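Peer 1: Let me give you the structure first, and then I'll get to my questions.
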Amino acid sequence: MNNRVHQGHLARKRFGQNFLNDQFVIDSIVSAINPQKGQAMVEIGPGLAALTEPVGERLDQLTVIELDRDLAARLQTHPFLGPKLTIYQQDAMTFNFGELAEKMGQPLRVFGNLPYNILHAVDVPSV
């Protein structure tokens, strides 16, 4: 199998896709995030849901922003997270986080397994 195929999805070079699959790293990130019910959690680039699943298990609702339409569609039909997810199929670098925070009525907690060059370019207002 092509080493760029993960769970049946071909990683797209144009999106810089590289999927997290090290369980120790996943557990460490989720522990650091420490999601709590009632928080307005937003994940950028959920991909194949490596972080989405363990974070979503702890929440009643999770917002995700995924540029790849195929991955966004997979998340919509996720067997146990689907109903908990609000999915924006958009580019996080042009997404209006301020508008989302206003809509959710509280500050956002934004996370994601992103390369620095992408994370650095995302404009999330601090509160």
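The backbone N, Cα and C atoms fix where each Cβ goes, and this holds for glycine too.
If you look up TrEMBL, you'll see N18, L20, G45, E66, D91, N113 marked as S-adenosyl-L-methionine binding site. The feature domain 'Ribosomal RNA adenine methylase transferase N-terminal' is assigned by TrEMBL to 25-127.
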Peer 1: Give the residue counts of the domain 'Ribosomal RNA adenine methylase transferase N-terminal' (25-127) per reduced DSSP state, in the order helix, strand, coil.
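Peer 2: DSSP classes over the domain 'Ribosomal RNA adenine methylase transferase N-terminal' (25-127) add up to 37 helix, 17 strand, 49 coil.
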Peer 1: Return the count of C-beta atoms lying within 10 angstroms of the C-beta of L20 (S-adenosyl-L-methionine binding site), excluding that atom itself.
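Peer 2: I count 16 other Cβ atoms within 10 Å of it.
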Peer 1: Restricting to the same chain and to sequence separations of six or more, state which residues have a Cβ under 8 Å from that of E66 (S-adenosyl-L-methionine binding site).
Peer 2: G45, P46, G47, A72, L75, I87, Y88, Q89
Peer 1: Within the domain 'Ribosomal RNA adenine methylase transferase N-terminal' (25-127), what mean pLDDT does the predicted structure show?
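Peer 2: Mean pLDDT, the domain 'Ribosomal RNA adenine methylase transferase N-terminal' (25-127): 88.
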Peer 1: For G45, D91, N113, listed as binding-site residues, tell me which one has the smallest number of other Cβ atoms within 10 Å.
Peer 2: D91
